[in-house]
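In what follows, a structure is listed as structure tokens, so that the remarks can point back to it.
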């Protein structure tokens, strides 16, 4: 019951009342430091009160709980060294990491905790010491891996075509070799080494990604921008295309260019994932993701409807015409592709002035130019501009959250020997087996003096005002006269005390 009340207090809107009641309930807890402490009992979602405060973005409760966990090591003048307890904060030995919970929640208030002590210092320590070097090495390794795969695709086994052409529009001069013919020369064996590296890399990607999908859940794993959801879809699809290409090569099935081309596009697009490790490029990838999965996905539905309608009209108009004079609409798939190019203004309207064009072509093309080019493209630009304005206010905040998510991912994937635990053990200071983060804080004495003087002046003015209100209730018969005299007295007293106080504050500063 006590643990349930603690979780309820974390969700209370009145932060001051919740903190006082939280302290009161814990004062009756018999196991304050043991494993049976009320603060360490999770709810049905596996969240302790401390983790729940982080997920809900309750910064007041989080700071209150952190003040209870800190230990002042020493103080010398304005410098103070504090040890913060990293229990439930450090993701080194946690199955459900506090940092991962914060970056995966949809509440923007929760990400503000990343700027609070000691979370900010812990993330900075992990990222600067281990996260950034490992991430840069991983980016370099992935680029070299993609270069190897690209070279294998460029020099894939091909042979001249021997069959006769059955269509005048057939332009194929090379065909794919059979499996027995693909690995005969020294160059083929060298390419085989690169292909083995590519396949092994695809298998490793699937081995690393599938456990996280099962642990987090597909909806959360692929749907969170901060966790890299779109890039996880890209890299898993890339690995599957590599395996499909391998199967088609082993079975000598024609058409391996289809999965191979998809894999090349997806693999190189995934390089943008590594931009999150750099402050100059990271926010731009967030902007691209927001635009693609926000504005562009909705716009593509409208674009598909327009292209489908006008492509059908163009195909019907040129169905009775000679395709040798104007071949952009000679069949329905080519009509769709040509209309798509016209929609994006990649090409101009096809025309052949040596022959007479159908009159309806001019009418339909005029309507298409007005709707597609002037209306819909400008609508897309306006939508993207609005999205850029909205995301620009929080893109730096989202980028910092992406850095935290990347740090937690690397810490979970790498062996313990390559990523030691951050902080210091409490045994060195007689604080048990818990781990602590040492933070040095500089306290400005003038700032605290000014705050004390200001609070004193506010209290003095408040007392004078209360005394004036008491005098107002002495007699109801002369209320009006006494009100004027008391208010004037209260103002003069308040003005005098405030003037004297601010004069002391001015001299002090």
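Cβ atoms are placed via backbone N, Cα and C, with glycine included.
TrEMBL entries are annotated by machine, without manual review.
Record note: among 66-88, 89-111, 296-318, 319-341, 296-318 is the stretch given as transmembrane segment by TrEMBL.
Among the ranges 42-62, 168-188, 231-251, the stretch that TrEMBL annotates as transmembrane segment is 231-251. A Cβ distance under 8 Å defines the sequence-distant neighbours of the transmembrane segment (296-318), meaning residues of its chain 6+ beyond its ends; these are 326, 329-332, 335-336, 338-340, 343, 358, 360-361, 364, 368, 371-372, 376, 379-380, 383. Tallying C-beta pairs under 8 angstroms between the transmembrane segment (257-275) and each of 134-158, 192-210, 231-251 places 231-251 first. Same-chain residues lying 6+ beyond the ends of the transmembrane segment (192-210) with a Cβ under 8 Å from its Cβ atoms: 145, 148-149, 151-152, 183, 232, 235-236, 238-240, 242-243, 246, 413.
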